[in-house]
Number of protein chains: 2
Amino acid sequence: MQSGWSVPDSDGTAFTPMVVLELAPDTNEEAIKWLLSRIRDREQNGGVELLLEQTLTGGHDGQKGNPNVFLVGSTLERLLHGAEDVGLFKEFNDGSMRAFTYTNKDNFKDFQGDGDSLLSVAECQYIIKHKLDTLRAKDEANVPGYPKAKLYPGKSIIRRLQSKGILLQVFPLHDKEELKRLSFSWYKKVKFSSSSSFQPLNDIRRYFGEGLALYFGFLEYFTFAMLPMALIGIPYYLWDWEDYDKYVLFAVFNLVWSTVFLEVWKRSSASLAYSWGTLSRKKAFEEPRAGFHGVLGFNPVTGRKEPVYPNSKRQLKIYLLSVPFVLLCLYLSFYIMMIYFDMEHWALALYEVEPNFWTGLFLFVPSIIYAVVIEVLNLLYRYAAEFLTDWENHRLESSYQNHLVLKVLVFNFFNCFASLFYIAFVMQDMVLLRQSLATLLITSQILNQIMEAFLPYWLQRRRNKKAHKRLVKVMGDRELPLPEQAQLESDMSTYLGTFDDYLEQFLLFGYVSLFSCVYPLAAVLVVLNNITEVYSDAFKMCHVFKRPFAEPASNIGVWQLAFETMSVIAVVTNCALIGLSPQMKAYFLESDTQLILLVVCVEHILLAFKFILAFVIPDVPKQIQIKLARLEFESLEVLKKKKILETSESPNTDK
Amino acid sequence: MQSGWSVPDSDGTAFTPMVVLELAPDTNEEAIKWLLSRIRDREQNGGVELLLEQTLTGGHDGQKGNPNVFLVGSTLERLLHGAEDVGLFKEFNDGSMRAFTYTNKDNFKDFQGDGDSLLSVAECQYIIKHKLDTLRAKDEANVPGYPKAKLYPGKSIIRRLQSKGILLQVFPLHDKEELKRLSFSWYKKVKFSSSSSFQPLNDIRRYFGEGLALYFGFLEYFTFAMLPMALIGIPYYLWDWEDYDKYVLFAVFNLVWSTVFLEVWKRSSASLAYSWGTLSRKKAFEEPRAGFHGVLGFNPVTGRKEPVYPNSKRQLKIYLLSVPFVLLCLYLSFYIMMIYFDMEHWALALYEVEPNFWTGLFLFVPSIIYAVVIEVLNLLYRYAAEFLTDWENHRLESSYQNHLVLKVLVFNFFNCFASLFYIAFVMQDMVLLRQSLATLLITSQILNQIMEAFLPYWLQRRRNKKAHKRLVKVMGDRELPLPEQAQLESDMSTYLGTFDDYLEQFLLFGYVSLFSCVYPLAAVLVVLNNITEVYSDAFKMCHVFKRPFAEPASNIGVWQLAFETMSVIAVVTNCALIGLSPQMKAYFLESDTQLILLVVCVEHILLAFKFILAFVIPDVPKQIQIKLARLEFESLEVLKKKKILETSESPNTDK
């Protein structure tokens, strides 16, 4: 084995392993041999020309690990070709972002010497994953040694191995050195830098990819965007301002502000995505999910043999089972909410009979129980939603994710806010509303921090402690050799994507915006929560989870829509809340009608204003629009010049 | 001169003239010579290689026409190259639409023999116009003979000649034969064809281009979409159903239906645009408008020398002058409306004092006067809006158009509907509302038909009669020779684009949808109007106006948004109208509050439903999505294969 990060391939080429391929321990030898040869094979023969090495561990402590763990790497040249295949954009000599091409490689800014600095490790890992995913069966009818693992020409071998449980997991390796540097600049150093961001977003992107970097960018942006709300909210809380004209001002500010900051985020994210090269990158054709099944047919787009599943059948499943199921869950959740109110009532009665410290404390118990129950329900529902969405049999991972997100989003929204809506608009009890809001917000924040960071970290520590202790005993203070490192990481939990992190922010945004005029302190709590959130999320990415594959993303996707929808709902709720306030009612003593009409009018004007604002603020900053236009213009010009040359070289041939 | 449509160029090549270039009669000889040589020059020398011929007329009747009228044509080869330059999409051998390339020309379906049938005349004319527009100055400092007509390298010569008034007009020639065929199948033949459309949309597109074909497609679609509303509306009118539960049903049907049909139109227009090759066509870089002025600088996109005008200055103009001006006009319009109501009041008083036939008839006078005044105001405002938008100095024609459309749209909307809103929600007089709606609708329909079709036609006839009579005397029954044809067409009015036609439909849609529950007959009137509208519009395109240049379009652009906005406003007005109805009020005798809350609730649900519907219905039909995806996939595959070949041909060169 060579210096730290380099292992030899079977043909003796030394390479840097980047991705780990873990097959089931009892995998048939024949299948392994076949798979390895297919992966190593030249591209003309249908292979992907990657380098492979089996880890040989388990000698140190007597306890045998899984022997079928393979380290995958690639030559630099293959990676550069791969970068062109997956359509990476890189900074050109002139400062613009262009699609990387191998023949033009010397004109790219970061391509120096042997070109080592052009691709980040995350990008290399992404390229290797892409290559593995597009390794296709030729004329094999099944995986050798597994007659049931059927193959047909064009089927992705990796997907089939995954769906049959032969391939346990594919994951990229952490890079201890880089990770140390990254985590230092990320959360171990207090800094007030001159850069636009407090987090090293570019380093995060280089290490974890664009998807995650955008999440952390959004988290930071969102936290800063909450600051004005928090600052304005503090005096309301401190001096107990109950004037509703002041509240009206606060609410209107919040509503306009949330529209503005969501629009401006689109611009920031476009700027980030441009500088990362993902803004104009075209998506490659998506492979079907590993779990997708159907009758063998032909894909209308690629013409390849592929399972085909009628869309009408999927729609039937969605409308006849998934939708009713979601509605049923919502009803159940509503039922539990009513029980909560009974409990609340009962606690209040107890307090009124015997008002002392304990019964006073007891007043908070129903809210806390309810908050815990909600969290548990959300968790259970999540499993059901995953099962259902799986059963709907979506062809693409992206469509699967969208349907899952929608299901989970609706339920979580209802679960978190239904009781608040009920208190606000049915019971019309503003004091209870404020109290419930505070309890829910604080409980869910604490629970989230525990569930998200401490729990996995603790489990992880417990699991690793023994193994690590043994290793340290053997190795002393030396750095862990690569095979052991791979084995260790393969046992770490898998990061399931940014979904839960965004969901949490989405719900926090709901607490702040939906009832902002009742509990101005919410923004303060969210800001405080998010400051620790940045640290705990950063920590969990670096130390709790397996490194995830980079996800090229140019925006935060469906979440932009979700946040915007929330801000629209917030206009309605805030207007209604202000309309219900006793102070407002005092102004319009003679007629409720006038008050309601006024509130409805104001609401419509605010909504119209929101839509106009969203329409007027361009989604992409002018500077970047110009850069994109210049690129397009130049490529057209080059084409035209080439054509004129061709015509002038062969005049009168076609006349 | 050769057979009918062919004239020789100066070097003797016979060509079919397609476009007419009319210079001012007193143009300097030197400038003409220079322009002609620049147009004829080879592309390598910065020319556009078109063919030209001066018309030599005025001999027949002694009256001298403008001698500086030139016929422009091109060789087929140049046109085919041009088709590639402007990015035309054509049907490939396999039935898909692909970007036309000259080298691949034999694989396109309609390319037979010499390729004459591939390009329609409209496309040829569009290509010639594109070539003329991109004829750029080299090192000339000014137009020869015109020291004030400054030029600089890269400036479009045609634009400069236009802005200095040297070039009077550029327009494509009508094709009498094709026009006869088109007009026969369009409006002279009654047909119940099996095709999806009653109009020959594909022929219209071949003759007038995609923009106009989409307008006629939309006009027909919209008329059919109104049919269900009209059919349901008739019994309401005939039996005078005044039950508001029935009206509620009608209104809800209208609201949902208008959302659905606007969404479905997007799909139809995508299908049309795909089959015409404009759906995936990329827009070429837009030249600045002829009237755009500024300090000479560099365009950040092209790097070319070009006038530069700071955007901030334009924004200042817009917000400090244009917006206040529009608001002032709206105020003026409001003031006139109040006068109308006074007149109305006065006429009513007169009728009550002395109720006879004449005073009864007099009741309609204020409405009619008001409708006429509105039309006149709209016309005056239109000129002001054009002046203002010109003064805002937009760089692009498209941005100029958008700002103009917005200005005109807002004013027209206010002018047409303000009185109805006032009657409905301030006066709350449903009988007057119905009467005003009917008067306004019918008057504006009649006025429109007169202004749009009969007036230009009549003016046109009068103007041509003399000239034509003289010609017939000389020529007998023979067909008009080309130069005379060109002179005759150059005197025809210029079609100013589809703006007014769409605007009319937009306002009609407003009459139908905004107050549909008050006057169910509106849809019937609109359907009747539109049936004649199709014929009169078709007639005016064929015989009243100069042929317009084809406008490649893939959708109806800003009008889709305008119609959707109208349908959102319609939800609000209809809900409010139903809430105001006496029957509804009778249901909720005990409390207005409950009624209003219910109405607001229903309104919000309907709005939410609209947005969800718009979100759920995909904008492009599945079939076409697949075709587009297949194209993209194939081009990626070709690239990949090419690369593999390259690598295998030169192995180990870079390792």
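Here the Cβ of each residue, glycine as well, is placed from N, Cα and C on the backbone.
What TrEMBL lists as domain 'Anoctamin transmembrane' is A:204-630.
The transmembrane segment annotation in TrEMBL covers A:212-235 (among others). Beyond its flanks by at least six residues, the transmembrane segment (A:212-235) meets 197-199, 201-202, 204-205, 241, 250, 253-254, 257-258, 261, 265, 268-269, 272-273, 276, 498, 501-502, 505, 509, 512, 516, 520-524, 526-527, 530-531, 533-534, 537-538, 541, 548, 550-551, 553, 555-556, 559 of its own chain at Cβ-Cβ distances under 8 Å.
Annotated transmembrane segment per TrEMBL: A:247-265 (among others), in sequence order.
Taken from TrEMBL, the feature transmembrane segment covers A:318-341 (among others).
Per TrEMBL, transmembrane segment is recorded for A:361-383 (among others). Same-chain neighbours of the transmembrane segment (A:361-383): 329, 333, 336-337, 340, 343-344, 346-348, 350-351, 408, 411-412, 415-416, 419, 435-436, 439-440, 443-444, 447, 451, counting only residues six or more beyond its ends whose CB sits under 8 Å from a CB of the stretch.
Sequence annotations record features per position, and here TrEMBL assigns transmembrane segment to A:404-425 (among others).
Summarising the annotation, TrEMBL assigns transmembrane segment to A:437-459 (among others). Same-chain residues lying 6+ beyond the ends of the transmembrane segment (A:437-459) with a Cβ under 8 Å from its Cβ atoms: 364, 367-368, 370-372, 374-375, 416, 419-420, 493, 500-501, 504, 507-508, 511, 515, 518-519, 521-522, 525-526, 529, 532-533, 536-537, 539-540, 543-545.
The feature transmembrane segment is assigned by TrEMBL to A:506-528 (among others). Beyond its flanks by at least six residues, the transmembrane segment (A:506-528) meets 222-223, 226-227, 229-230, 232-234, 236-237, 247-248, 250-251, 254-255, 258, 409, 412-413, 416-417, 420, 424, 430, 433-434, 437-438, 440-442, 444-445, 559, 562-563, 566-567, 569-570, 573-574, 577-578 of its own chain at Cβ-Cβ distances under 8 Å.
Residues annotated as transmembrane segment in TrEMBL: A:595-617 (among others). Long-range contacts of the transmembrane segment (A:595-617) within the same chain, counting only residues at least 6 positions beyond its ends with a Cβ under 8 Å from a Cβ of the stretch, are 252, 255-256, 259-260, 263-264, 267, 564, 567-568, 571-572, 575-576, 578-579, 584-585, 587-588.
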